[in-house]
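Record features, source Swiss-Prot:
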DISULFID  C40-C52  disulfide bond
DISULFID  C45-C59  disulfide bond
DISULFID  C63-C68  disulfide bond
DISULFID  C74-C89  disulfide bond
DISULFID  C83-C95  disulfide bond
DISULFID  C106-C111  disulfide bond
DISULFID  C126-C138  disulfide bond
DISULFID  C131-C145  disulfide bond
DISULFID  C149-C154  disulfide bond
DISULFID  C160-C175  disulfide bond
DISULFID  C174-C188  disulfide bond
DISULFID  C192-C197  disulfide bond
DOMAIN    29-70  domain 'Chitin-binding type-1 1'
DOMAIN    71-113  domain 'Chitin-binding type-1 2'
DOMAIN    114-156  domain 'Chitin-binding type-1 3'
CARBOHYD  N211  N-linked glycosylation site
SIGNAL    1-28  signal peptide
Amino acid sequence: MTMTSTTTKAMAMAAAVLAAAAVAATNAQTCGKQNDGMICPHNLCCSQFGYCGLGRDYCGTGCQSGACCSSQRCGSQGGGATCSNNQCCSQYGYCGFGSEYCGSGCQNGPCRADIKCGRNANGELCPNNMCCSQWGYCGLGSEFCGNGCQSGACCPEKRCGKQAGGDKCPNNFCCSAGGYCGLGGNYCGSGCQSGGCYKGGDGMAAILANNQSVSFEGIIESVAELV
């Protein structure tokens, strides 16, 4: 078998692996207490029913971890609890990300400086579904994801589609049948208007790139070793 045919076969197999991983990661991935405490990748919310996604259905009532609309308690005010998804615990005992949480008095987590985004940074999006606040800084928690949130895991969700003059969602999120931006089956499934909608696997690559830590090169190398 030639090197060219081996590489071609490896790439074909890798593409199939990526497609399967995307569907599993964003359509049926379970988390939280329903799956041994598993954390969703890239700050996706784990819903009360144990599924990964973004939007009110996942980040609202009962949200177990991730970019939950209500900040979880932590630190000395939360019985010594640490934050999920490597978020910071603020001096007041709330989980989030950004200077209000990771700055002065931060109790645990990756204390760090703010990342600029949005209209004050040439439209830059925040990494890992973090919210871009109305002031143009990346973070998680009500100060970033609440009023004026420009992109990311905003609470409440941004409106889109025919219910919002044809607007599309930022971050390539899905626009649900009801006109709300988010990720997961409730947004990308039946009736999805735009974004990475589930259509027999079509459109999944963009969601995979934004929300799943999978290296295409790594898969190529791994598969090549098997052929």
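Glycine too: its Cβ is placed from the backbone N, Cα and C atoms.
Outside the domain 'Chitin-binding type-1 3' (114-156), and at least 6 residues removed from its termini, the chain residues within Cβ reach (under 8 Å) are 42-45, 54, 56, 59-60, 66-67, 69-71, 87, 94-101, 170-171, 181, 210-211. C89 (disulfide bond) has C83 nearby among the disulfide-bonded residues C83, C138, C197, counting only those with a Cα within 10 angstroms of its own Cα. Checking the disulfide-bonded residues (C59, C126, C145) against C40 (disulfide bond) with a 10 Å Cα-Cα cut-off leaves nothing. Restricting the disulfide-bonded residues C74, C138, C145, C160, C175 to those with a CA within 10 Å of the CA of C95 (disulfide bond) leaves C74, listed by sequence position. C68 (disulfide bond) and C160 (disulfide bond) have their C-alpha atoms 21 Å apart, to the nearest angstrom. Considering only the disulfide-bonded residues C106, C126, the Cβ with the fewest other Cβ atoms within 10 Å is that of C106.
Take the disulfide-bonded residues C63, C188: by the count of other Cβ atoms within 10 Å of each Cβ, the lowest one is C63. For the disulfide-bonded residues C45, C149, C192, a Cα-Cα cutoff of 10 angstroms around C174 (disulfide bond) retains C192. For the disulfide-bonded residues shown (C111, C145, C149, C192), fewest C-beta neighbours within 10 angstroms: C111. This prediction places the mean pLDDT of the domain 'Chitin-binding type-1 1' (29-70) at 90. Long-range Cβ contacts of C175 (disulfide bond) within its own chain (separation 6+, distance under 8 Å): C160, G161, K168, C169, C181, Y187, C192, Q193, S194, G195.
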